[in-house]
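Engineer: Let me give you the structure first, and then I'll get to my questions.
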Ligand SMILES: [Zn+2]
Ligand SMILES: [Zn+2]
């Protein structure tokens, strides 16, 4: 088999059959059959559609886990090439088709290779986009059924030259937290507010006071955070003061400590502002995804290996964090890890369309670079 050719076929086939989180049955079957055909032991239904492939060599008890996500996004593809999505309203708009192809390519290469000593775990994760796949795999025993010394994940990044690496020693991406604030009042007639009570004015005060948490209570350099109230609903009308206003939104930050502080400060603001007006509230704060934080030692390993593959000039080992989120963060709280970003193509060039846009496509020129990186990482960590 010519891997460089086969891997493009796999990637483009996967691109035609995108599936949304936890419904990736065709994709999961495809991955499992490929791994089995390489002679790799496959354990399915780890996190619903997720799976783990295991390849053991020699006698060492050292191990390494390599993770690829494989779900698609609910976007109507606007590309018109031959392998465009064949499913209405779904596309591989985040390049997880490419992540799968790269990890399958590495699995094939390593299945033909006896020059390492230890166990490689190929972790294929569903439902990254809704932020629930990693958790589901952990709940199904990903780290208790198997002893993995470390786990690495790689994501493509448009806007960066193809094959250039961005590897942070620590903070990579933000946590994502959704909140909801209900403010309850007596309501009333718009012309006679003094006879009832008004949650709208209080809600407006809550919205503006919440911004003070970010700008007045957090260190602007060391505790960057965003708080966005994105939705306001009431049960009022033009001449009816509502009895309830619901504010909802999203807040992001980069450490578990800042996240806990924001949650507590938000409730303090909501309680204080509503109490001042004599109203009641209900506050909920849900952490959807934790912040993505690399282990510096594992990032050092990834940097060393990336330099070997693409040269030192194409490896940035001090990348600044991004305010987007990634559920690999849940795996990062379990064992040492590094989340690696790799260029999909510079802006305006092949692979340069941003993630999640309807014209995005994974760059096939990146496939063998990814395979070579994964294989070299295994050789580095499980050297004979
Ligand atoms: Zn995505
Ligand atoms: Zn993604």
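Placement of Cβ uses the backbone N, Cα and C atoms for every residue, glycine included.
Since the structure is predicted, the reported quantities are computational estimates derived from the model, not experimental observations.
What TrEMBL records for 94, 96, 129, 155, 356 is Mn(2+) binding site. What TrEMBL lists as domain 'Peptidase M20 dimerisation' is 179-270.
How buried are the listed features, and what sits near them?
Structural biologist: Note: residue 356 (Mn(2+) binding site) has non-local neighbours 73, 75, 93, 94, i.e. same-chain residues 6+ apart with C-beta under 8 A of its own C-beta. Annotation note: residue 356 (Mn(2+) binding site) sits in a coil segment as assigned by DSSP.
Note: the domain 'Peptidase M20 dimerisation' (179-270) comprises 37 helix, 33 strand, 22 coil (DSSP; helix = H, G, I, strand = E, B).
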Engineer: Looking only at DSSP and grouping its letters into three states, which state does residue 94 (Mn(2+) binding site) belong to?
Structural biologist: coil
Engineer: In the predicted model, what is the mean pLDDT computed over the domain 'Peptidase M20 dimerisation' (179-270)?
Structural biologist: 97
Engineer: Of all the binding-site residues here, 96, 155, which one's CB has the most other CB atoms within 10 A?
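Structural biologist: The residue with the most neighbouring Cβ atoms within 10 Å is 96.
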Engineer: Taking the centroid of the Cβ atoms of 94, 96, 129, 155, 356 as the Mn(2+) site, which other residues of that chain lie with their Cβ within 8 Å of it, listed in sequence order?
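Structural biologist: Sorted by sequence, the hits are 69, 71, 73, 92, 93, 95, 128, 355.
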